[in-house]
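Engineer: The structure follows.
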Amino acid sequence: MGYLSCNAESAIATCDSYNFTNKSLSNNNNNNNKHFNITKFSYEDLEASTQGFSHSNFLGKGSHGSVYRAILDGGALIAAVKRTTPHHQLASNITSPADNEIETLSRVRSPRLVNLLGFGSDPIDGRKLIVVEYMPNGSLYDLLHNNNNHNNKNNNSIKPVSLAKRVRIAIQVAKAVHHLHSSNPPVIHRDIKSSNVLFDGKFKARLGDFGLALRGNVEDVKVQCTPPAGTLGYLDPSYLAPSDLSAKSDVFSFGILLLEIFSGRNAIDLNYSPPSVIDWAIPLIRSGDYSDIFDRNIDVSSNESAVRQLAVLAARCVKSTAEKRPTMAEVVERLISASKRITSPVWNSFGRVRRRVRVTPPPIVEYTETVKVTSVILKGESNGGDEMNVNVTRSKSIGCVEEIECCPLDKRTRGRMGLGMMKMSRSKSTGELREMQQRRNGGIVLEMMIKNPNVRELESSKLLVKFR
């Protein structure tokens with residue numbers, strides 16, 4: 001087993017079988033000039049580590065070969081070995097996908113990518129063996145589509161992927177693509193799709209399969225001489241010639257991936273009409289039916305603002321004109337913003353309790369104090385309990401949600417707001433909290449006097465906060 005130490009500039013020379021050299025360019029101040037280790041494995045070691053590339057070690061088949069689980073270094077390292085398809089008739093100026101993947105991954109490294117550990121070659125047919133990090137939790141494609149009704153007969157026992165989790169996965173993939181585009185020179189993946197997104201041991205999404213990736217600026221000779229490539233359904237329709245390639249081509253593919261994540265549909269699915277997810281989703285988004293593009297197995301009714309933002313973002317990513325698409329930096333920012341709206345209780349129903357306070361037993365306290373309140377007021381009535389008087393200064397409440405729905409208090413919904421539903425528009429109202437009542441069972445009733453600019457009288461509202 002050979003052991004090679006590569007830096008970002010010399011990695012291609014060290015790891016490319018067509019151009020072996022130990023020349024180092026450590027004086028270059030390139031942002032990617034970081035040292036990391038690439039191992040050159042012998043074929044015998046890789047064959048033994050996969051038990052002769054046995055069926056029991058088979059993980060799956062990718063775009064450019066089969067992948068096997070490997071145990072290396074006496075069991076200290078578990079990796080994945082991609083046994084690539086041999087290419088015998090490539091032109092001298094064309095790099096094979098296997099060599100291209102080794103070249104690209106030798107120069108970029110990130111916890112958001114499926115990183116290269118080493119490589120080897122078959123002495124008989126010369127095919128490359130690429131050793132990468134092992135991802136034990138499958139692919140995004142498996143997560144989304146193996147749970148579908150027409151793919152899984154026992155789907156009733158499978159819990160659908162929540163909206164929050166789908167957005168979290170989208171953020172992780174978006175950060176991976178942004179890392180590639182931010183490299184110097186940038187890397188354009190060209191094959192972003194759900195089967196190339198894998199989950200590590202902590203179930204974090206990683207972007208893999210760099211067989212079609214291009215590293216370099218758009219004006220570079222290699223980029224200009226490389227013909228368009230990608231996967232049907234994800235491929236940018238404006239990428240018709242080598243000169244059309246840009247980072248926005250990856251943005252388009254990521255937009256298709258977003259629609260796939262949200263809807264649970266394949267990029268191309270003949271079980272639907274129209275079969276293309278973009279032809280199906282974009283008309284719905286344009287008509288304002290944002291929630292209709294989301295998987296019907298998940299409830300998005302309490303996240304209307306986030307759903308609208310996510311749908312519009314996906315539509316922007318797949319615009320036919322590349323210049324009108326957002327950058328991946330903006331995509332990451334928008335996804336994080338939407339994620340915060342999903343996880344924050346003020347954007348959902350108050351029924352989702354993020355912090356619980358245990359009171360054992362709830363004390364009965366009487367005191368007077370002046371505090372400021374900024375909150376969303378709900379109308380409702382609640383039975384009284386033991387009171388504690390609180391004088392509160394005037395405060396403003398800005399309505400920024402359209403609907404808040406709360407469930408009645410019972411044993412099944414303990415810890416939620418025991419109130420009804422109230423529709424709100426953007427309004428500026430002043431309120432005065434007149435009293436607080438603390439119930440013996442741990443609940444607190446807040447009574448708020450509301451002054452609406454459009455109404456002469458004061459309106460009284462009560463808000464019940466229930467602890468468990």
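Just so it is clear, glycine is given a Cβ too, placed from its N, Cα and C backbone atoms.
OK, TrEMBL features for this one:
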- 53-342: domain 'Protein kinase' (DOMAIN)
- K82: ATP binding site (BINDING)
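How about a rundown of where these features are and what they're close to?
Structural biologist: Predicted-model confidence for the domain 'Protein kinase' (53-342) is 92, expressed as mean pLDDT.
Under the three-state DSSP scheme, K82 (ATP binding site) falls in the strand class.
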Engineer: Test of understanding: give the count of other CB atoms lying within 10 angstroms of the CB of K82 (ATP binding site).
Structural biologist: 25
